[in-house]
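Student: This is the structure I have questions about; it appears just below.
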Amino acid sequence: MAEDGGRGAAASPGASARFVRCLYAVGFLDLFGVSMVVPLMNLHIKSLGASPTVAGIIGSLYGIMQLFSSTFVGCWSDIVGRRYSLLACILLSALGYFILGMSTTVYLFAISRVPVGIFKHTLSISKALLSDLVSERDRPLVMGRFNAASSVGFILGPVVGGYLTELKDGFYQTSFICASIFLLNAGLVWMLPWNEENTGNGKHKQGKKRTDSITAKPNCDLQLKSVTNGTVAIDSPFQSPWVQIVTVLKRIKEIACSDLWDIFLVRLLMSVTILLYHSNFSLALEERFGVKPLFSGYLMSYSSSLGVLAGCLLGPITRLYQHNTYRLLLHSSTFTCTLILLYASALSIWMVILSSTFLAFSTTIGRTCIIDLELTIGGNEASGTLLGVGQSVTSVGRIIAPLLSGVAQEFSPCGPPSLAVALALVAILIMNVNKQKYCSSGNVKLKNQ
């Protein structure tokens, strides 16, 4: 059997399960390394003599690069294959953090953010790869576990980074360690048991079946079309760059002309809803209840830990809903809306703690379900493109939310969560209006299972 990129392994259920577990490790290492450095970056650029305006501009440029690059990189991964695109993203991100470790001037600091801003899409490509590997029925479970593993890294990283920064030249050491973690991640990706049946990279042979009850997807489901509405599949990442660019643009046009606008609009509205809830959380608690920032930090860490638990519980929850992603998304969004309303109207800190506890579960479930719904209705043929567009939509939310939060806070500390409730209600309304589409197009209840 032909092998992807010269490395492969027998397509066995055990190999598939190991592959998925290794991808959990990739997600953990990625956010562990990033979260070591990111909380320290504002302090570092200030120590380099940058004004708050310059620091803000550099941060905004990074966000803008992420906004435009996520769709292109996701689509590119559909064309050249997950292995090469994932390796390229990890190695170029490592280069960015290596330059950051040598940034003794604001100019070098800004340069270091360019490769990271363009190519830091490890998690999106990993999710697309998981989507290629597993059946639709098991996808929410696997995605939830992947998000949980990544979240653990995001929780532990700031602790390690805070300790390292206390050392002499601590920021530079932390940046180099982060780059080293990315290189370790690249090595892990390189050693994965790659083969074409795993990656779904356009040359699957009919008739060979895999039987892993959790992660394996039958070949008839796993096979990705090499030609999608006139686009040409690229068998090698070393094909002409112009051919790759043209194919990327064609696939992006197909997504833009599709009828997925309502799903992406729901994702945008719910993303802004959650961002508004978090936007002034510490300040609002201090103004409303006289709570110190330290307590707010403990409460946010508590919520993050519960989010990890929620990711691990997605399997039983999806089985309870008979794998109906639409219904689970609708209920989790409604629950999120209700809990944010409870937080906005809370009369005591205990009501805030209660709402934060359950919000950790509803938001984690909602994020996983919206991704699963995108892939179910959009199809696996362009999973990288779909996830890339979804990430771009989330980036738009990150740009819009601070502005909306600032305006809402002019009226009341409860302004941002109150506006979040209104946006969540609009998202719920859109889901109800398009209920028939979600339940028939692609059949969220999984016809093929």
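Here the Cβ of each residue, glycine as well, is placed from N, Cα and C on the backbone.
Curation plays no part in TrEMBL annotations; they are all automatic predictions.
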Student: Could you tell me which of the ranges 230-252, 299-321 is annotated in TrEMBL as transmembrane segment?
Tutor: 299-321
Student: Can you tell me which parts of the same chain pack against the transmembrane segment (53-74), counting only residues 6+ beyond its ends and a CB-CB cutoff under 8 A?
Tutor: 42, 45-46, 85, 89, 106, 109-110, 113-114, 116-121, 124-125, 128, 248, 252, 384-389, 391-392, 395-396, 398-399
Student: Could you check if the transmembrane segment (22-41) is in contact with the transmembrane segment (260-279), meaning 3+ Cβ pairs under 8 Å among residue pairs at least 6 apart in sequence?
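Tutor: Taking Cβ pairs at least 6 residues apart, the transmembrane segment (260-279) and the transmembrane segment (22-41) are not in contact, as fewer than 3 fall under 8 Å.
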Student: Name the range, of those listed as 86-110, 146-165, 171-192, 260-279, 328-353, that has the largest tally of Cβ pairs under 8 Å with the transmembrane segment (299-321).
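Tutor: That would be 146-165.
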